Amino acid sequence: MIAVPPVVGVALSGPAWAHVPLLALWWVGYLAFFATGLWLRSHRKPRYLPPVRAYALATAPLAVAVVVAAPYLLVWALPYAPLVMVALWCSARRKDRSLLNDGVTVAAAGLMAAVAYDAGTGGAGGLWGTGWLAGTGWLGSAVGGSLPGASPDGALTGWAWTWLVTALVTAYFLGTVPYVKTNIRERGNRAYLVGSVAFHVGVTAAVAALAAAGLVSGWHLVVWVALALRAAAVPVLAARRGRPVRPMLLGLGEIVFSLLVALTVLG
């Protein structure tokens, strides 16, 4: 989850030097976030504080490097700040396994596809790709010609296509939240199973409409059909066997499907 969205953003925009400090900040910053969450869940026990300090010290120079290399990325702090605050609040309240915490964490990760695209295009397109404030110095460069990235039919290009890809990648990772819960902590919970299947069927229907319009490939639709079938079949079959799916197998499945989602939406 912390690797696929930024890599998708890099693939959409093409690699740029700004990606080096950005990706380093993202991955080290995630470790700082994780360590802070663990410290908060422990009711701030002193023995959990050293990793927080260590990762914070490692994160600070990387943040400075990003600001120097790509100051226009500072605007992304606006959507990220509330997401991080909610997640840390959940940790402090020991609600780190709640749907709220999982949802904001996934949203933050998925948004990195758009952030990486912004870094790769030098801030072209203005504030969050809206065109507002484009070419006003530190907020980014003016759009010089067409931006990279296009849907299969060419109808969506640049930021419009990037936001659709970001939404689809984020939707996949959001779907993993109830799917994994129906196989582990909420095994046998009918409400979670119905919710998980409904979410996957709903997104699959939306992807089918996008595929019919030529905005995504048929292969991407196939992946979502498989995800919807998996959401229904795996928990039910595990319940009939009377044996839960091993976490390692769930993890391997997520690696495979996350790659398939990324490859088919980009292809």
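Placement of Cβ uses the backbone N, Cα and C atoms for every residue, glycine included.
Automatic, uncurated: that is what TrEMBL annotation is.
Quick look at what TrEMBL lists:
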type: TRANSMEM; residues: 20-40; note: transmembrane segment
type: TRANSMEM; residues: 52-70; note: transmembrane segment
type: TRANSMEM; residues: 160-180; note: transmembrane segment
type: TRANSMEM; residues: 192-215; note: transmembrane segment
type: TRANSMEM; residues: 221-239; note: transmembrane segment
type: TRANSMEM; residues: 248-266; note: transmembrane segment
* Structure fact -> When counting C-beta pairs under 8 angstroms to the transmembrane segment (20-40), the leading stretch of 52-70, 160-180, 192-215, 221-239, 248-266 is 52-70
* Structure fact -> Per the Cβ filter (under 8 Å) with a sequence gap of at least 6 from its ends, the transmembrane segment (248-266) is approached by 1, 4, 7-8, 11-12, 165, 168-169, 172-173, 176, 180, 183-184, 216-217, 219-220, 222-223, 226-227, 230
* In the same chain, which residue numbers or ranges, 6 or more beyond the ends of the transmembrane segment (192-215), come under 8 angstroms Cβ to Cβ? -> 151-153, 155-156, 164, 168, 171, 174-175, 178-179, 181-182, 186, 221, 224-225, 227-228, 230-232, 235-236
